[in-house]
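A quick write-up on the structure given underneath.
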């Protein structure tokens, strides 16, 4: 449809559609258009055109969520302001999911539960993220701690980064969770050594390391299930 969105019939404009019928009826491109807000005068693309171009470039929302600001700006008509608005909106969605997990009163009784709760939060990450889940005596989440970002090594993942918060929260145990951006959840030598050091530190402090879950692409490794912990 030619022309700017304001020239469109009212019932076809994303904002009016949302107000009348609710957000679920909007397409992905229309939702992106509301985040982008304006089109680009140089290319003549409307906000919906830009949303469609982003989806065509990335393929789907999952890939879009993992795109960098620079990659978003590579789409003609996208500038820094539009790209950062998209990144902020997607980050908020990720945090909402994390908050939902944090208030969960369900006990973690299996590695599958941990994976099912966290794989959405980790699957689009292009760097390694290492997280510690602080648990109470009934294995319920008290708090999530992001320990490091980037390639794991012993200087970054230090026992104090895990156990200082655990002591402050009076945690009874911890579960370690991190991702492999390659999609292969097989533990590396560094993973094994870091887990050993954290387990030993936990034993000294009376805070058990219940498991270490490595999240890959659609699969995971549990150190306990694999006999590594």
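Placement of Cβ uses the backbone N, Cα and C atoms for every residue, glycine included.
On a predicted model such as this, the values are computed, not experimentally measured, just so you know.
Annotated in Swiss-Prot:
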type	residues	note
BINDING	178, 180, 191	Zn(2+) binding site
DOMAIN	107-229	domain 'MPN'
MOTIF	178-191	motif 'JAMM motif'
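Known features from Swiss-Prot, placed on the structure.
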residue	record	Cβ within 10 Å
178	Zn(2+) binding site	23
180	Zn(2+) binding site	21
191	Zn(2+) binding site	23
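DSSP assignment over the motif 'JAMM motif' (178-191) gives 3 helix, 2 strand, 9 coil.
Averaged across the domain 'MPN' (107-229), pLDDT for the predicted model comes to 88. With DSSP classes pooled into helix, strand and coil, the tally for the domain 'MPN' (107-229) is 39 helix, 34 strand, 50 coil.
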